[in-house]
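Q: Just passing along the structure, written as structure tokens.
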Amino acid sequence: MTCYKLSRRRDLFAFPYPLTVWRDPPRSVEVVRDFVESYDIRHIYTVGDVVTRNFLEYGLAPTSVAVDEKTRRGIKVEGLGLYKRVIRVNNPPGYITEEAWAAVEEAVEGGVLIKVDGEEDMLSLAFIKLAPPRSVVAYGHYLGALVAIPVDWYRDSILRLFNYLEQCQQKA
């Protein structure tokens, strides 16, 4: 079973990693689209309501997405009907629960909408670990940037963050 809890060094998880776009949409999505086309990226996974909405609104449909349907701006994500399978999971802030991990395992195959009761932020790590080659994982940075991780190039470095997570026990 796989369950992780953020226990220390929260600052490392807030760092804006490799491809960080400090532009508003649609320009931020256009930058990622250019990257995807230039490097023959085959899979895009988004984590977060605003990022997912922007990708869908500006024509760059992710392979699978994870949202919690809560944003500071009260934004509703349109276009989620594109995803054929909906998986609902519980995932408290600072965690990647077993059920959330299992949902990401399924989502990397494509066509999955993960609806999170709690917080989806940490699921970006699960997507980075589990995504197939030629994938990008995109999420929003808390200061307003769009972060896109090309997993082939940065997976090993970013997975060192798991050293700052503790495995957790979940009640059945």
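The backbone N, Cα and C atoms fix where each Cβ goes, glycine too.
Taken from Swiss-Prot, the feature GTP binding site applies to D49, V50, V51, D68, K70, E120, supported by sequence analysis.
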Q: Hey, does DSSP put D49 (GTP binding site) in a helix, a strand, or just coil?
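A: The three-state answer is helix.
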Q: Could you give the maximum C-alpha to C-alpha distance in Å for the residues D49, V50, V51, D68, K70, E120 that bind GTP per the record?
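A: For the residues that bind GTP, the greatest Cα distance is 12 Å.
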Q: Does anything in the same chain, at least 6 positions from K70 (GTP binding site), have a Cβ under 8 Å from its Cβ, and if so what?
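A: The answer is D49.
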Q: Write out the long-range same-chain contacts of V51 (GTP binding site), meaning residues 6 or more apart in sequence whose Cβ is under 8 Å from its Cβ.
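A: Listed in sequence order: A138, Y139, G140, L146.
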Q: So which other residues, same chain and not among D49, V50, V51, D68, K70, E120, have a Cβ within 8 Å of the centroid of the Cβ atoms at the GTP site?
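A: Output for this site, in sequence order: V47, G48, T52, V67, E69, T71, V77, G140.
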Q: Identify, in sequence order, the residues in the chain of E120 (GTP binding site) that are 6 or more apart from it along the sequence and have a CB within less than 8 Å of its CB; answer 'none' if there are none.
A: V47, G48, A66, V67, D68, N91, I114
Q: Determine the minimum-neighbour residue: among D49, D68, listed as binding-site residues, which Cβ has the fewest other Cβ atoms within 10 angstroms?
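A: Lowest Cβ count within 10 Å among the binding-site residues (D49, D68) is D68.
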